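Asker: Encoded as structure tokens, here's the structure I'll be asking about.
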């Protein structure tokens, strides 16, 4: 009797268990795909954290990329950037806010220099090397890049002012936003303050020489 009971129970349970296992497997499949997707997302987030993408993608950079995308796509350009665009008020508001950029930058420069150039731990050689690289080495490199782009036809023909602006941006001192980023991150604030101070002081002399050279070359 026991053997018969065992056979009956086995014969009645095997298909039910097989069916239940199939149901369970079918139900677990989407969960497996979700878990795999979550693992991929977690690995991607860890990779982004290691590459410091969040620190690179600051609001000014995101806004610049967004502006280039809008300017490239004709449909979006007609919606926002043209004078008769339905969303031109966004551009008009940005222009109004941009009018206060220069005073705000000067205030930011004064705030960055609060530490004073004498409180940094940078040595004299390091400071001189940074000044020479920024004010004496970068402008000739920019001149070579602009000249090569002009020969390759990437720059509009007979637009000397456009060439002058391209050359001028390589001659300018270190951006004040570098000190602002240092203050936000809380890293090397005094060093950034010292570099901004000395670079802007020496830029008064170097910019005069480079602008004179650019005017003689272009005009």
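Cβ atoms here come from the backbone N, Cα and C positions, even for glycine.
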Asker: For the record in TrEMBL, which of the ranges 36-55, 96-115 is the transmembrane segment one?
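Answerer: Going through 36-55, 96-115 one by one, TrEMBL gives transmembrane segment for 96-115.
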Asker: Should anything in the same chain at least six residues away from the transmembrane segment (161-182) have a Cβ under 8 Å from its Cβ atoms, list it; otherwise answer none.
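Answerer: Contacts of the transmembrane segment (161-182) (Cβ under 8 Å, skipping residues fewer than 6 from its ends): 58, 60, 105, 108-109, 112, 134-135, 138-139, 141-143, 145-146, 150, 155, 188-189, 191-193, 195-196, 199-200, 202-203, 206-207, 210-211, 214-215, 218.
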Asker: Could you pull out which residues elsewhere in the chain have a CB under 8 Å from any CB of the transmembrane segment (56-76), counting only those six or more residues past its ends?
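Answerer: The answer is 177, 181.
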